[in-house]
Every structure is written in structure tokens, then in C-alpha cells.
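Student: Got a structure here, written out as C-alpha cells. Questions coming.
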């Protein structure tokens, strides 16, 4: 039976994941990988975000990047996710409640929507929030490549809501690495002690024609993070070609290993490695975690044209106000 990406199943998986205490997180077998992933996202935000920016976070999950955006001194944030439970967790985090809440108010206004970012148009629901200076999508865009229509909707949403000259930043699995590892394996499964991915018999020949970039699905599991969820390959060449149709040009494509090697030479980001606990004294990332990091890449697209921030329409923002449950916008698919 062919592996299929079911948006409802993916949403249910992430909604069901329990919030962890700090102690639970520190005890994770992939704690250094999680911290490294957060470091990569922090570096992207520090490089591309500017004070006063308006941010759209697609597939925002439980709002794990809210503090990062606050440190960037943005003025307005909109988070969208398909999982109702995750959106509610993001609301509570913004409110400063629970084990992930920091108990301090944020310095930006915010809205939250529950919607399938790869199926519904966000242009009308977010017309009063746009244009955005930055759109972020972390570890989620690959789900859109289950079908061409979903991939197109994803990029249409990005392009229609991003200001000219604005950036689309994110992280996705590196399809080149996944396919290379698959071809080096004796069968259709690749694994180490912290991750496992498996393709079905449709890909027994281990060939992935460039003319068929959509629907190349596999089952992926990551210890203490992802429990055997169907995902889709997202060939970067296909992504960049499609993005060009929507006025988005590639600025950065960097496998995590290369990204780390490049940016850890920057004293500010090297210090961030230490303060975020990625490079703790006496503790090292395991070889299995480092191998798992190799499965991912960071990207940056820029929308063609230029609209300097000073020339944008002045819009309200920057005033913190807790989001009430009834204020979450639900968009049916």
C-alpha cells in the first residue's frame, strides 16, 4: 500500500504530543539535536529579522519560536497551524502560561489561526495583517509536496502575503541526503539509533525522476520527536523552480552541516552555541544526532522587488494583549 501524507493524521500527531517540562527536555536522548535545531532557527532570525518587522509563522506548532521573535524586537506576529491543540498551546505560551510559558509579557501584538496552510488561501483572512516582512516555516514545508496543488498553495500564500523585498526563511529535510542514504542502503529503510525512514515498494528502484517531484512519500521517525509520520520528499531544485513562478528567488540553500560550519565562525553565533547549550562543557552531541542533523537544510527566498520598511503603510502593532480562546480564527478546509 502506498504511503500517503494525511493532513489530519499529521495534525493529530502534533496535537497529541505532550508539553515537556524543562527537566523532561534536558533528559531527551536528542537534546543536543533539539538545541542545534533551535540554534539554526535563531541564527536565521537574527540575520534576517529587524526591529519592527511583521512576521507570519506558517505551521507555527506550539509557538516554540515566540521568544526568538521577541528578542528580534518584531512588532506583530501571526501564527498559523493545522493542529488545533498546537494552536491552543501557542496561545497559552504567548500568554505566559504553563511549563513553556516564561511568565513575562511579549513586546509584540499577535494573532493565531487554525488552518491548513497548504490547502486554504490565507490572503483574505490576513489582509489586515499583511504585508509581512518575514514569513517563516520551520520543519514543515515538505508536507506540502505530497501534491502539486498543495505545494502551489503554500507558495501562493507566501508570495501573496510577503512584501516585495521580504524574505521567506525555513528549514526542511534535505532530499539529496535522504535519497543518497537510501541508495547506499541495502533495502528501503535507513536508520541509526535516533532516526529511521522507510520508503515503500513504489520506490524499489530508488529512482526519483525530476519530472515527478510530488508525492514521493516515506515514513519518518525521530526519537522523542516524531513517531512514524508520513512525509514527502521536497527536492530543492523543484522547490526553487516552483518558487520562481511566484516571484521568490533563492538566496540561501545550506545543509545544516554547512550552515553550522559557516555561521559558527561568527563570534556572536559561536557564543550562541554555548548559551543555548549546543556546545556545553563536558557534553557532546552524539554521532547519531550529528548524522540526524545532516538530514536537514536551511533556506532563504526573497520576494522580487523592493519595498523599504519606511515606505510600508503604518499599521498598529507592538502592543501585547493576551489572545482569548474565542479570538483564535478557525478556517475550514
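Numbering starts at 1 and runs along the chain as it is shown here.
Yeah, the Cβs are placed from backbone N, Cα and C, and that goes for glycine too.
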Student: Please pick, from 41, 71, 127, the residue that TrEMBL records in the S-adenosyl-L-methionine site together with 59, 81, 116, 138, 143.
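Tutor: Answer per TrEMBL: 41.
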Student: Between the Cα atoms of residue 296 (site 'mRNA cap binding') and residue 138 (S-adenosyl-L-methionine binding site), what distance do you get, rounded to the nearest Å?
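Tutor: Residue 138 (S-adenosyl-L-methionine binding site) has its Cα 11 Å from the Cα of residue 296 (site 'mRNA cap binding').
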Student: If you count other CB atoms within 10 A of each CB, which of 81, 116, 231 wins among these recorded positions?
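Tutor: Highest number of other Cβ atoms within 10 Å: 81.
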Student: Roughly how many angstrom lie between the C-alpha atoms of residue 68 (site 'mRNA cap binding') and residue 138 (S-adenosyl-L-methionine binding site)?
Tutor: 13
Student: Taking Cα atoms as reference points, which of the recorded positions 37, 38, 62, 93, 231 is nearest to residue 143 (S-adenosyl-L-methionine binding site)?
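Tutor: Closest by Cα: 231.
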